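S.K.: So Swiss-Prot lists the following for this protein:
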BINDING   GLY169, ASP170, ARG171, LYS172, THR173, GLY174, LYS175, THR176  ATP binding site
SITE      SER362  site 'Required for activity'
Amino acid sequence: MAIKAEEISALIKEQIENYQNVLSVEEIGTVTYVGDGIARAHGLENAMSGELLEFSNGSYGMAQNLESNDVGIIILGDFESIREGDKVKRTGKIMEVPVGDALIGRVVNPLGQPIDGLGEIVTDKVRPVEAMAPGVMQRKSVNEPMQTGLKAIDALVPIGRGQRELVIGDRKTGKTSIAIDTILNQKGQDMICIYVAIGQKDSTVRTQVETLKKYGAMDYTIVVNAGASQPAPLLYIAPYAGTAMGEEFMYNGKHVLIIFDDLSKQAVAYRELSLLLRRPPGREAYPGDVFYLHSRLLERAAKLSDDLGGGSMTALPFVETQAGDISAYIPTNVISITDGQIFLESDLFYAGTRPAVDAGLSVSRVGGSAQIKAMKKVAGTLRLDLASYRELEAFTQFGSDLDAATQAKLNRGRRTVEILKQKLHAPLAVEKQVVILYALTHGFLDSIPVDSILDFEHELFEYLDTNHADIFETIRTTKDLPEEERLNQAIQEYKDIFLATKGNTSSTEDKLKSIQNA
């Protein structure tokens, strides 16, 4: 079959019309130094701060130092296979992590990659790890409570949705236990929790995840783990990655709780990177921008205005102190950024007061306006009572004679300390907290032996659940106290039963005092 000349010319014309002159331009540099999680590269004159760069082995890095001759890069992943002379190219993107519902119930690394062995995470949504915090007009005052389930916190230092509340204390004072109990208490509260573990042993994180699974809390929780064995760059970006995951929910009108455990280790990782990148050291060898490191992170937690959906992100950053020194650099920085702090005292912890919240040093600057009416009524004077008890307790060490009023204050104080104790992984619903604190502040516990207080509390809840469930229901629905007469009658009913069955109205402590006086 002969080919016609017209057909050939038509084909050529069509190809010319469809021809596109596409030039693929890549800016490629050369690695001049690599080691300890950082690299330097020459030839990336147009690289931008925070830009994602790709190495020839497939690893990624983030541009940090933009110098006249080279670029300082932190390597996000395996740096041992990168060699001097390797190529590194610009991507024109900033670092992003996968976000969305697919991450709920999973354990991921700071790059959003699954590390729990449950398969791939299928999501098409991504968010940049660094983002602008909401402005003043995009925010709303904190007005909803975020219940932790811990009496010592919900009564003395209440937290609201959208607040930043620092948890600070020495190692082994129960900071992580507060985090886990708070997550457990969010069950059924329409809250998504993100637990960011920074610089912890993988075995410790595994234990926490098992606890969350046991109580059904992984159904609404994402765990981001940057373990102690990970390179410093991953510890540095972990909190930002967790916050980006939380922002996806917050900007869609949902409520998020994010816990950073802990920011001291992130600051140490950032100090390591800064010193390796030859940035000038400042106080305690931290770089000059270590305040900005934490402020730009924590400012992203907010209660959004109704125009933006009314979502919220509540942040609980943890900071570890050395020998209770809260005047060190990182603790003072984070105290000044947050809306209050919960100080955990090691002496209280070892004395058996757990959670070991120091009522004198702990404060919540905005949470009071989010407390429910019932809690405000019963816990209003609790902090002052506790502070005056601690003061009086110090004086009684001298063994001076006490008048009846002082003795009554001491007795009430001992019972207050006892009632604020709580078992591990046993968060209390707010209505139950209100009832037991009401019983305390209205003198129902004054004749109960101190060593029987927690037994009385547990059995009182069982009695009310069975015989007066409407009391709990009223507090839960109205957020206010039921009729005082009804509440007094119910508590007195059970108190009479308790004292009759125990057949003892004096504690061991009171008996010893009577022997000494005799």
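Yeah, the Cβs are placed from backbone N, Cα and C, and that goes for glycine too.
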S.K.: For the binding-site residues listed here (GLY169, GLY174), tell me which residue's CB has the most neighbouring CB atoms inside 10 Å.
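M.R.: Result of the Cβ crowding comparison: GLY169.
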S.K.: Would you pick out, from the binding-site residues ARG171, LYS172, LYS175, the residue whose Cβ has the largest number of other Cβ atoms within 10 Å?
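M.R.: Answer returned by the neighbour count: LYS175.
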S.K.: At the level of the C-alpha atoms, what whole-angstrom distance separates SER362 (site 'Required for activity') and ARG171 (ATP binding site)?
M.R.: 17
S.K.: For the binding-site residues THR173, THR176, which Cβ has the most other Cβ atoms within 10 Å, all shown protein chains included?
M.R.: THR173
